[in-house]
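Visitor: Feature annotation from TrEMBL assigns active site, nucleophile to C131. Marked as substrate binding site by TrEMBL: K45, N69, S70, M71, G72, L73, N128, N194, S195. Here TrEMBL flags K45, T46, N128, K165, V193, G220, G248, G249, G270, T271 as FMN binding site. Here TrEMBL flags 5-292 as domain 'Dihydroorotate dehydrogenase catalytic'.
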Amino acid sequence: MVSIATRLGGFSFDNCLMNAAGVWCMTKEELAAVKDSVAGTFVTKTATLDYRAGNPEPRYQNVPLGSINSMGLPNQGLAYYLDYLLELQETEPNRTFVLSLVGMSPDETHEILRRVEASDFNGLIELNLSCPNVPGKPQIAYDFETTETILHEVFSYFTKPLGIKLPPYFDIVHFDQAAAIFNKFPLKFVNCVNSIGNGLYIEDEQVVIKPKNGFGGIGGEYIKPTALANVHAFYQRLKPEIQIIGTGGVLTGRDAFEHILCGASMVQIGTTLQKEGLAAFERITEELQAIMAEKGYEKIEDFRGKLRYMD
Ligand code: SIN
């Protein structure tokens, strides 16, 4: 009776849960494992034009309430992920998958997107405007002028279904300003949020990751309130054609329920997937369905975005 099926960017998925870019998505083997789990789909590791080794290790650390990472966009390069996705279009024509990408410069981003545009890829594309971990490269989406310029240029030639991965914003004025920009474009979705950038975790008087003297993106339980706030702030402000993916602090079915209540159409799991493995999808699916059954909700549209306020 209870369905957690969803639609995003015009495509249908039988489960609204999926991985967050960065977790279980570096290789074809990892992507295939997510595909064959109960997750509704997968997103690839953010692809740059060419292979990148990323930052020196150790660059990811689980910590009690979440994780800290400064991976530095290690990935196999666009062709690797695109080839795999094109292969899947032949073998799994009824499913839709997500390609995450960004260039190391605006020119490279355009080069990548032009290649995707020219390819036969017919899934969803997530442009990552929020990586906090490449030394010397700020998170693009914190610079509203650059973000608007990039989106303006992209939509002059790009016609495939595109969304953007956002960093968390922390100020109501920034929600307003960012939403006003995003509403100018035919985006299919925004994904809120990437890690909270440049946190510091200390153990025995020492940092726990090597790059950037220990500064890294924070994920997991620490970030749920920030993630929910961003999901809901954009749900309130964006035109209805721009859907929301909720990411951040999803440990349980209740967390996924809250993301949907705040307006998310799809929910991504990052740190919990890293810590628990693929079994997390099954557990969180069952927990979410149990909450919905208890409340008498049959589908996620019955409560999506219906967060109640106080009088
Ligand atoms: C990384 O590779 O550094 C993480 C990617 C991201 O946060 O966007």
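Cβ coordinates are placed from backbone N, Cα and C, and glycine is handled just like the others.
A TrEMBL annotation is a machine prediction, not a hand-curated record.
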Visitor: Residues other than K45, N69, S70, M71, G72, L73, N128, N194, S195 within 8 Å, Cβ to Cβ centroid, of the substrate site?
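Guide: Near the substrate site, beyond K45, N69, S70, M71, G72, L73, N128, N194, S195, sit G22, T46, C131, P132, N133, G217.
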Visitor: Please report how many Å separate the Cα atom of K45 (substrate binding site) from that of the residue listed as 'active site, nucleophile', as a whole number.
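Guide: Cα-Cα distance, K45 (substrate binding site) to the residue listed as 'active site, nucleophile': 12 Å.
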Visitor: If you count other Cβ atoms within 10 Å of each one's Cβ, which of the binding-site residues G72, G248, G270 has the most?
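Guide: Within the set of binding-site residues, the most crowded position is G248.
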Visitor: Please list residues from the chain of V193 (FMN binding site) whose Cβ is under 8 angstroms from its Cβ, counting only those at least six apart in sequence.
Guide: S130, L166, P167, P168, I223, T226, A227, N230, V231, T247, G248
Visitor: Could you round the CA separation between S195 (substrate binding site) and C131 (active site, nucleophile) to a whole angstrom and send it over?
Guide: 8
Visitor: Can you grab the distance from S70 (substrate binding site) over to C131 (active site, nucleophile)? Cα atoms, rounded to a whole Å.
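Guide: So the alpha carbons of S70 (substrate binding site) and C131 (active site, nucleophile) sit roughly 9 Å from each other.
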Visitor: Near ligand 1, which of the recorded positions K45, G72, N128, C131, G248, G270 are found, taking a Cβ distance under 6 A to any of its atoms?
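Guide: Going through K45, G72, N128, C131, G248, G270 in sequence order, those close to ligand 1 turn out to be G72, N128, C131.
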Visitor: Compute the C-alpha separation of N128 (substrate binding site) from G270 (FMN binding site), stating it in Å without decimals.
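Guide: Cα-Cα distance, N128 (substrate binding site) to G270 (FMN binding site): 15 Å.
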Visitor: Would you find the one among the recorded positions K45, S70, N128, C131, S195 whose Cβ has the most company, meaning other Cβ atoms within 10 Å?
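Guide: Highest number of other Cβ atoms within 10 Å: S195.
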Visitor: Between G270 (FMN binding site) and C131 (active site, nucleophile), what C-alpha distance do you get in Å?
Guide: 14
Visitor: For N128 (substrate binding site), just give me the three-state DSSP call.
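Guide: Where N128 (substrate binding site) sits, the three-state DSSP reduction gives strand.
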Visitor: Between the Cα atoms of G72 (substrate binding site) and the residue listed as 'active site, nucleophile', what distance do you get, rounded to the nearest Å?
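Guide: Between the Cα atoms of G72 (substrate binding site) and the residue listed as 'active site, nucleophile', the distance comes to 8 Å.
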